[in-house]
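Colleague: Copied straight from TrEMBL:
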type: COMPBIAS; residues: 1-10; note: compositional bias 'Basic and acidic residues'
type: REGION; residues: 1-69; note: region 'Disordered'
type: COMPBIAS; residues: 27-37; note: compositional bias 'Basic and acidic residues'
type: DOMAIN; residues: 343-430; note: domain 'Ig-like'
type: DOMAIN; residues: 525-618; note: domain 'Ig-like'
type: DOMAIN; residues: 625-724; note: domain 'Fibronectin type-III'
type: DOMAIN; residues: 725-818; note: domain 'Fibronectin type-III'
type: DOMAIN; residues: 822-910; note: domain 'Ig-like'
type: DOMAIN; residues: 919-1014; note: domain 'Fibronectin type-III'
type: DOMAIN; residues: 1032-1122; note: domain 'Ig-like'
Amino acid sequence: MPEPTQKAETETEAEILPPAETAPSPEQKKPKEDGTEQGKVWSLGDGTEEEPEKHDNSERSTLFVEKPQGGSVNVGGNITFIAKVEAKDLLRKPTVKWFKGKWMDLASKAGKHLQLKETFERHSKIYTFEMQIIKAKENYGGNYRCEVTYKDKFDSCSFDLEVHETSQAAPSIDIRSAFKRSGEGQEDAGELDFSGLLKRREIKQEEEPEIDVWDLLKNAKPSDYEKIAFQYGITDLRGMLKRLKRMRREEKKSAAFSKILDPAYQVDKGGKVRFVVELADPTVELKWYKNGQEIRPSTKYIFEHKGNQRILFINNCTLTDDARYHVTAGDEKCSTELFVREPPVVVTKALEDLSTYVGERVELSCEVSEEDANVKWFKNGVELTNEPRSRYRIKVDGKKHTLIIDEATKADTATYSVMTTGGQSAAKLAVDLRPLKIMQPLTDQTVRLGKEIALKCEISENIEGKWYKNGQLIQASDRVKLYHKGRIHRLVIGSAVVDDEGDYMFVPDAYKVNIPCRVHVIDPPRLHLEGLGDDNTVTVVAGNKLRLEIPISGEPTPKVMWSKGDKWIMETGGRIRAETYPDSSCLVIDIAERDDSGQYRIMLKNEAGEDAAQINIKVVDIPDPPEAPNVTEVGEDWCIMNWEPPAYDGGSPLLGYFIERKKKQSSRWMRLNFDLCKETTFEPKKMIEGVAYEVRVFAVNAVGISKPSMPSKPFVPLAVTSPPTLLAVDGVTDTTVTMKWRPPDQIGAAGLDGYVIEYCFEGTEEWIVANPELTDKTRFTIPNLPTDSRIFVRVKAVNAAGPSEPKLYPQPILVKEVVEPPKIRLPRHLKQTYIRRVGETVNLVIPFQGRPRPKVSWKKNGASVDKNQINIRNSENDTIIFIRKAERSHSGKYDLKVKVDNLVDKATIDIQVVDRPGPPHVVTIEDVWGENVALTWQPPKDNGNAAITGYTIQKADKKSMEWFTVIEHYHRTSATITELIIGNEYYFRIFSENMCGLSDEATMTRESAVIAKDGKVYKNPIYEDFNFTEQPLFTQPLINTYAVAGYNATLNCSVRGNPKPKITWMKNKVTIVNDPRYRMFGNQGVCTLEIRKPSPYDGGTYTCKAVNELGEAAVECKLEVKVAQ
């Protein structure tokens, strides 16, 4: 078999120009090629004399290896132009464009008459670009140009196409066979179905009884139309179905025709057909029409008259005679359809069984009796389609049909069959693995640490494989690179580490063969002293245990030796010893002493080399405690202390001091600073006044904290109070001044012994003590003052620490009594009616002002207040009216009068004491009808001293006498009770309601209301069965989504339908089946498609389709996969 090749082929179809008339293609003519593709036979028509010269120019081309050559073709023929570009020096595919004339880009014209193809030959590294013109027309001739670009390189080539008229007879298939024929004047008359030009009519080859396809289609299901069309060679299925629909209409009875044409006739190609009608009046003029055009007598069309019969013969029927015919007699007409069948297509050369190896190119070929026949391929009974991304490519070359598999796999082993309208053929394809040979095995390696590890092997086949280390699968990463080029497999580790040592093995896919090797990694010994600092000094506290661990490396594990001076340190016993581990070595000193300070040497050695270092060990201790501190100054809550540094700093510089204090009577010391104090002076704060304290000091160095110093001598912080506050004049007479104040805001630990009041006359600076002895009250009257004099007053607070700062009244005080008019300050809530419930307490405080002390009097409703029921208390500044348990008799207007000499102020307070109302007066049943009862009632006689806010109505069945509320907060005195139960007897009762609540009792109707049963006929309701079936409907559509390459993406939608619809997912209109990259879920109508680790290739249009027996529905969205930056 030929060497396997990999081709990336894309093919597009389009029209070069919109064709007016085209004819079915005769033999395809293709240009010949040499060497590279021997299976193709091409014809360029007549060559020109300039061809050798053009070939020479192509060799000197920048990019072209072979340029397209000009050629000629007959009208209706095919021709292909080929350009080749060498990709040996190109990193990616070049860009190729085809032009007609100077500007027309043919890529936009690709379609039925133009196909653009491109392939890549891996071994020769040659790109082949083809432009094929199908069924050429006269206007296709002219100058063409091919341009190729790659980065800054450019090359182009022009060539000519000549189109010649053919002198041969026209083919038997007329262009009109492509039309969807319809009656004259119909909406689809004259419409061109170009798909009919690309197909051939086919019939079954086997001799069977004559079958009328027309009758077969009329009686078949619509789902079987396409199958019948392929079986009987019908290409214009859509037009035929329109004709079938039109012919199913019921023919009207005709007065001119006693016998009309049959609905349809069928004849084989080359046969003869006979149309017969019978006229009711033989004298009527009769005309025959084909597709609306009148038929004239000729050798092909023969007319006969036999009595009332009129006969039309059509000889030598061709596909152009496949049309709609009608005959007119006067103003009436009748019509029919004629179908012309082609002979069946048979398989002239059958498929042959084939055996091959994995990766080889497979071609299964057969030949049929007609060129470009409609042929279907099957794999194990499943039809194969020639889609762009399919592994299977179908190639048609005249009568030869070939199925191509570029790189066969074991999954391609199957039975392949080909089917035509007149026969079929099958063959078995067996794909096996090629015997594997090890051309170059892996070799054992010894590699230094950090160097590259490169493993390489070569096998006889170009297949994938897996690498294993110590039986574990190796995955490619940034450090481990796996390469596969052709038959060579390589594993490269850029920088070897110790863990890379082990047994490696390569296992080719699909073969039970492994290629082993051993990798040994070595490393010179090395000491890692990065954590010891620049001078390799280690400090240890005296009396502590030192465990100095030095990390080491080396492969194989190096030998470790410790020494101090000329003395070796052994690994066993002793206070100083060495301990060795695979990745470190430890120097251990159990109890460090000052004599252990000095230089220590460590040395490593293995087969790859040696290493050594000097380590300095320093033994230090904590400092001595400082002397006892001295307290030099004491304040309110602070003191100042100082001390001397300790005599010995422990061999390490002092870092600072910690200070602690405690109460003298306590044993609990409290630290005062958490940040080290750098000085030998400190100020403790936030101490409690009047409490004795002691302080002490700790010295701190890098080793630790010293023992505490001796405590200082005890000391007690004390402070005076702050000045008194809110000093004000409380009263003035002709000989006295009364002052009041508030205690100081801050009273120290010494407490407050009392106050001193001082005054001085205006104009003097002599302060006179008003109270020889301290007073502990906050109000004091200064006696024996001269009338009309002016004095200043100040107050001091006194405690054990002394008097505080004085509080001075800022204004001079005139010693003379002042008359102040009375003024009642009535609270806001008493300016409106004061409402209380019966039994609640009434306690009203009404402040007033006036000098001298006003006289207060109370009256109720104009009369004096009964002090046995109402308590009244008066003071200098207010009056209080108090009622322990309010009764309704306490309601009324209370008048207050305040009088100072001849000055009077008055105020009125309205007190309302309320209670629950009484029940309604009379409740009457006014009327009973149907399920309703009308009630009326009178308001209650006692409203509880408050307005009636509503009524509550209840009902009770006479049998149970259980009361149920039917209406609440009802404002009217009449109501209609509805929805009562027929046949029951009811009593009703009503409660009154005011702001205190419902009345304690209710008024009930004396008589009952009977809901009569007469006049009611119960009809059972009729319920129709509900039809729950429905066609599929998407309740939540798919949404356009962006995904990141390498991260799973999901598409979700929801659908409903009954019966449960079948869900199908499609990508770019192609059904997704058995693809491991996709997972499909469905739960409670929610449909989910999960795309595992998508790549930009997975972008496109995704469709979810739901189908059940009632219909189908579909939604789609676009997925764009972005590569993470």
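Glycine is no exception: its Cβ is also placed from the backbone N, Cα and C atoms.
TrEMBL does not curate its annotations; it predicts them automatically.
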Colleague: When DSSP states are grouped into helix, strand and coil, how many residues of the domain 'Fibronectin type-III' (625-724) land in each?
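Modeller: Counting residues by DSSP class gives 0 helix, 35 strand, 65 coil.
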Colleague: For the domain 'Ig-like' (822-910), what are the DSSP-based totals of helix, strand and coil residues?
Modeller: 6 helix, 52 strand, 31 coil
Colleague: Under DSSP, the domain 'Ig-like' (1032-1122) has how many residues in helix, strand and coil?
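Modeller: Helix/strand/coil tally for the domain 'Ig-like' (1032-1122): 3 helix, 60 strand, 28 coil.
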Colleague: What are the DSSP helix/strand/coil residue counts across the domain 'Ig-like' (525-618)?
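Modeller: Counting residues by DSSP class gives 6 helix, 58 strand, 30 coil.
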Colleague: Report the mean pLDDT of the predicted model across the domain 'Fibronectin type-III' (919-1014), rounded to a whole number.
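Modeller: When the pLDDT values over the domain 'Fibronectin type-III' (919-1014) are averaged, the result is 91.
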